[in-house]
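Now, the feature entries from TrEMBL:
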TRANSMEM  27-48  transmembrane segment
TRANSMEM  54-73  transmembrane segment
TRANSMEM  85-103  transmembrane segment
TRANSMEM  109-131  transmembrane segment
TRANSMEM  138-157  transmembrane segment
TRANSMEM  182-205  transmembrane segment
TRANSMEM  231-250  transmembrane segment
TRANSMEM  262-280  transmembrane segment
TRANSMEM  287-308  transmembrane segment
TRANSMEM  314-336  transmembrane segment
Amino acid sequence: MSGQLSERTAVPPGSSRQFWADLRWRGAPVGVPWLVALLMLVVSVILYPSSIGFGGLATMTPLLGVLIIASLGQSLVIGTGGIDLSVSSVVTVVGVIFVLEAGTPGGSIPLALVYSLAAGLVCGVVNGVLVEYLALSPLVSTLATGQIMAGLANIWYGGGANRLAVPPDWRSFTGSTFGRGISYLLLAATVLVVLAGVVLSYTAVGRRLTAASTSPKAGRYQGIAVRRYRAATYVLASLLYSVAGVFLVGSIGTPTLSLGDVYQLSTIVVVVLGGAALSGGRLHPGATMAGALFLSLINQDVAATGAAAGTQGVIQGAVLVLAMLATSIGALRMLLRRRRGSTAPS
């Protein structure tokens, strides 16, 4: 609360700086990412009116929901100053495991969900132990576990996964829409975002997790089991990737062994678009959701132009660089402002 009050009283009331400060909530830039995302929405509607039609929304919103869920997991890890490069492999393996159990004669969707979530849980535990308890590089550790999972999937299932289909019941469930074609997967993702925001901000567990992520040294002084909470972010992230994987496979219908490849970079781009620094710090799930909306709109607009498939990757890389530059410039301006304030005569 004191941090929030100091932020509001540091600028003159009614000034433009006060306006931008009001768009921040508990130290996280929430309003700015949403303004940018909504501006992108307006541009998309003007250039490609069909993007808000039934067909456009029915195509975009399921994948937007999946991207939000996967990016929410990535944001938890990036909040600790780490990074999770196992996301693509978890999404792929979980999707394949789900369809191999549920898509075979006599298969069970509930059992497939259990197997899928268990696979993600194992990967998250391994990542957490390697990074937080063995002090290995998060980049190398998560990339290695992801490669192991992808390799095992290829050995166990090979190309057979390409010939399996998602059960009609699950495809119908994940393909359900309301209104103008808005997917219920987007609604589910929104619920998860709200739940994550409430837990992180208003519960003791969430506040400890935030403290362990943003200021480990201070957290240790407060008696918080910092390593345990930071390791838990990898577990929670993998569980969210697993949820994204089973939803994605339902939306696509037939999984491949490259099912989750697109989420390797896109989740990082989304989190940075939400105002996060890759060095770690406080995050807000709502800002991550705004970043996902912005990136999804760009992808849809690029697809509408008929550009080559690789164009999306080029644009995502460029957006990531620009977003990181904007974040760095913003952090530098804040640092200079604080230094000027500390040296001002009292």
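Even glycines carry a Cβ here, placed using N, Cα and C.
Because the structure is a prediction, the values reported are computed rather than measured.
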Kindly say whether the transmembrane segment (262-280) and the transmembrane segment (109-131) touch, using the definition of 3 or more Cβ pairs under 8 Å where each pair is 6 or more positions apart. no
Cβ under 8 Å, sequence separation of at least 6 from the ends of the transmembrane segment (182-205): give me the contacting residues as numbers and ranges. 26, 57-58, 61-62, 64-66, 68-69, 72, 174-176, 240, 243, 247, 251, 284-286, 288-289
The transmembrane segment (287-308) touching the transmembrane segment (138-157) per 3+ Cβ pairs under 8 Å rule: no
So, taking each listed stretch (54-73, 109-131, 287-308) in turn and counting its Cβ pairs to the transmembrane segment (27-48) that are under 8 angstroms, which one gives the highest count? 287-308
Which bits of the chain, at least 6 residues beyond where the transmembrane segment (287-308) starts or stops, bring a Cβ under 8 A of a Cβ in it? 28-30, 33-34, 36-37, 40-41, 43-44, 47-48, 50-51, 56, 59-60, 63-64, 67-68, 71-72, 75, 189-190, 193, 266, 269-276, 315-316, 319
